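J.: Sending over a structure as structure tokens; questions will come in a sec.
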Amino acid sequence: MSELVPEPRPKPAVPMKPVSINSNLLGYIGIDTIIEQMRKKTMKTGFDFNIMVVGQSGLGKSTLVNTLFKSQVSRKASSWNREEKIPKTVEIKAIGHVIEEGGVKMKLTVIDTPGFGDQINNENCWEPIEKYINEQYEKFLKEEVNIARKKRIPDTRVHCCLYFISPTGHSLRPLDLEFMKHLSKVVNIIPVIAKADTMTLEEKSEFKQRVRKELEVNGIEFYPQKEFDEDLEDKTENDKIRQESMPFAVVGSDKEYQVNGKRVLGRKTPWGIIEVENLNHCEFALLRDFVIRTHLQDLKEVTHNIHYETYRAKRLNDNGGLPPVSVDTEESHDSNP
Amino acid sequence: MSHHDNGVTVGLGIQMCERWRVEAALSFLPHQRKWGETAGAVMAGGVMDKEYVGFAALPNQLHRKSVKKGFDFTLMVAGESGLGKSTLINSLFLTNLYEDRQVPEASARLTQTLAIERRGVEIEEGGVKVKLTLVDTPGFGDSVDCSDCWLPVVKFIEEQFEQYLRDESGLNRKNIQDSRVHCCLYFISPFGRGLRPLDVAFLRAVHEKVNIIPVIGKADALMPQETQALKQKIRDQLKEEEIHIYQFPECDSDEDEDFKRQDAEMKESIPFAVVGSCEVVRDGGKRPVRGRRYSWGTVEVENPHHCDFLNLRRMLVQTHLQDLKEVTHDLLYEGYRARCLQSLARPGARDRASRSKLSRQSATEIPLPMLPLADTEKLIREKDEELRRMQEMLEKMQAQMQQSQAQGEQSDTL
């Protein structure tokens, strides 16, 4: 008898590893156009970005935000005759604008906190701010938990909080430490040294070193947080920013002056013109690139995936499971740190 | 001599007299006169000494005496940390008083209470010795809760007054040490929008007790129009809150227009916007200046277009040091003393005070606030008794004298 052809071995139950095919061999498929498709979608829908500014009055918060987004997005007195007095308690004022650039629409909301750190007794003046941030998480949670969910849940959560440090040249103030300790676990904090044109280069670098050390000693994680670096590439890039550039020493301005034939944003003094976008003068350009050009999406993602999830988990634990429709209306914030 | 000659001689003589008179007047300037020379005594046969007695030389003598005695001044600096106070003091007095200073970290300052530090330094210039005492208030305005953080400062100022009151009323008044605070430089932040609530609270607590000179620190943070606006805002706020700062006195009416204009300009620039620096910047071709070097230019501390440092130095150190001491003594200290003594007023004490001749004496006997009231009363009563006895004795003696006089007259007439 002839030999039986051996039966073909049965195929294993485990799915095979996808074989990566070099598409060049077979012709162009066009998968990489997904990037373009996403881009078109984003352009049509636009996106939300919410930025909060915190710091004592007079540190140039509103001017800086206006400079960042190159428009009058933050309400500020154009002259010194600000009629409003310093509020007795911290107020939260959110103003929204739609800015468009290159076909992309951004709904920008600037959240101002007048009255922070201005009183004689500033105990617990960060509480209204913490409350506001948690309220936005709560709003989002409610929407998420609905049966009939909206297609796009409006996102009012604070994606980024710029904390303005006064350029004393010595070190952080006790209030700065207290604020950042309480809020770095709840929102992305980016510390910024305000009105940095009062410090010489040596003073600046010494001050930054001291601030970084103090933040480290007190266990304050500012954005970009070390624990959320996704891969090695991120880590090296962020490490460099964390250890050398931050906190950014900035100068803001909404006035233009003529320098070397160009019109630049700056401040004109009898001893020279400080150019806001000149890296030899201040680090505004670094801050702008960081917040807007490179890490904008990451700020939103960390807010959504980490801070919001932390809040949500706490809420779930409190209520022992999320009810399907009627979310508890009594906003209990006792679980907050 | 012919008539003509006489006339000429007299005319010349008179002219000579005139010239000598002018020269003599000029020669009254301190640095020209030598000891022993009296004006015009030798010249023109006695016309001069009728005109000049010579007490115009009194300022000279005072000057010499005070140079010998030396001069002491206590300056307080107050304000939030990080406004350049120490640098400014070092710049003003060209010393390095704060060399070994250690600024504590934020976490250490969380529970820090306000401390009062005193530093003394002797500065000598042109033969004049100044013993300068600097009072510092580290920790002011730093904490999260700054309520009442100005109370230690007020207490310190009043303690100095009290010490002086005690010394003045004591027995040995030759060597009274004047440790009263003569001037307080209050630093306002250039980053705010005028006076902050803490500034207002501090100034109101001390303005009736010490001469306040408000100063804007780190003024190189501001553009010229911002500086003007901030100064105006601060002036308005000071007026609104009725805070009395030190008023630089009016210059004499016989000064020339230029000086008056300069003086008015200086007064207009209060609060002074200052920048301090102890580093000398040597820029290539230009001469070295004290300043701060930035990438966009160099701020010159002594350039009046850059900041008011020169004005502050002129008004504080060069022209008004003595006036500050006088106002402290004549106005602020007297106010404190009056308040203090009035609060001690009892019915008996008021009677004593009304006896003008003896009021000074009784002031020396009135025990000062520190003693317990029971002892005070006892002492007062004892002294009262003594005074009455002395008065009675005086009256008796007067009566005796009158009697003996009368008797004497009688015996004379007899």
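Any Cβ shown, glycine's included, is placed from N, Cα and C.
Annotation comment: TrEMBL describes B:69-343 as domain 'Septin-type G'. Residues or ranges marked as site 'Important for dimerization' in TrEMBL: B:PHE191. Annotation comment: TrEMBL describes B:349-368, B:394-414 as region 'Disordered'. The compositional bias 'Low complexity' feature in TrEMBL is assigned to B:397-414.
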J.: Taking every residue in the domain 'Septin-type G' (B:69-343), what is their average pLDDT?
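T.: Averaged over the domain 'Septin-type G' (B:69-343), the predicted model reaches a pLDDT of 86.
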J.: How many neighbouring Cβ atoms, not counting its own, are there within 10 Å of the Cβ of B:PHE191 (site 'Important for dimerization')?
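T.: Excluding its own Cβ, B:PHE191 (site 'Important for dimerization') sees 27 Cβ atoms within 10 Å.
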J.: DSSP on B:PHE191 (site 'Important for dimerization'), three-state: which is it?
T.: coil
